[in-house]
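Database features, via Swiss-Prot:
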ACT_SITE  140  active site, proton donor
BINDING   27, 28, 92, 152  substrate binding site
BINDING   94, 95, 96, 102, 103, 104, 105, 106, 107, 133, 134, 135, 140  acetyl-CoA binding site
DOMAIN    4-166  domain 'N-acetyltransferase'
MOD_RES   29  N6-acetyllysine
């Protein structure tokens, strides 16, 4: 029987990760917002000073099966800093291919990110989810995450493109 393992991504995984980034964006109805390329992903995550870290979920075939291993999910994260609580980790993306959902793979990725965070001395593990993605919302709550919009009233903002250039005076 095939098994699943969660491991650190390698540079050679960038094609699979980029494919899944596009699949996630399509699922979120935001595919028009994906601007990065596989080359940018490779440079930003696997250079001397990576901007992010990534885990992949890999299906390992049972002994005697002819197919090779298959990357079916990923979790892309980075470290941030809170002036209130110190070191934190932020899970930017978590994705499992639809045909592999419901097998606990997403939970394994989340647990591995939590393990990494604790090993790095982080006090919090943060992530965001679209409000209509009820399966993900329910999973995060089941795993013990707190909805900060509900409990503390936090809203999330971003500056991008022209607004960011204008703000910087460029």
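Counting begins at 1 with the first residue displayed.
Every residue gets a Cβ built from N, Cα and C, even glycine.
Under 8 Å, Cβ to Cβ, and six or more positions away along its own chain, residue 105 (acetyl-CoA binding site) finds 4, 57, 72, 73, 96.
Using residue 140 (active site, proton donor) as the reference Cα, a 10 A cut-off selects none from the binding-site residues 27, 28, 94, 103, 152. Secondary structure at residue 27 (substrate binding site), taken from DSSP and collapsed to helix, strand or coil, is helix. The binding residues for acetyl-CoA are recorded as 94, 95, 96, 102, 103, 104, 105, 106, 107, 133, 134, 135, 140; their greatest pairwise CA distance is 18 Å. Looking only at the domain 'N-acetyltransferase' (4-166), the predicted model's pLDDT averages out at 96. Checking each of the recorded positions 27, 28, 29, 92, 152 against residue 107 (acetyl-CoA binding site) by C-alpha distance, the shortest gap belongs to 92. Around residue 94 (acetyl-CoA binding site), the C-beta neighbours below 8 angstroms that are at least 6 residues distant in the chain are 73, 74, 75, 76, 106, 109, 110, 127. Shown are the binding-site residues 28, 152; the one with the most C-beta atoms within 10 angstroms of its own C-beta is 28.
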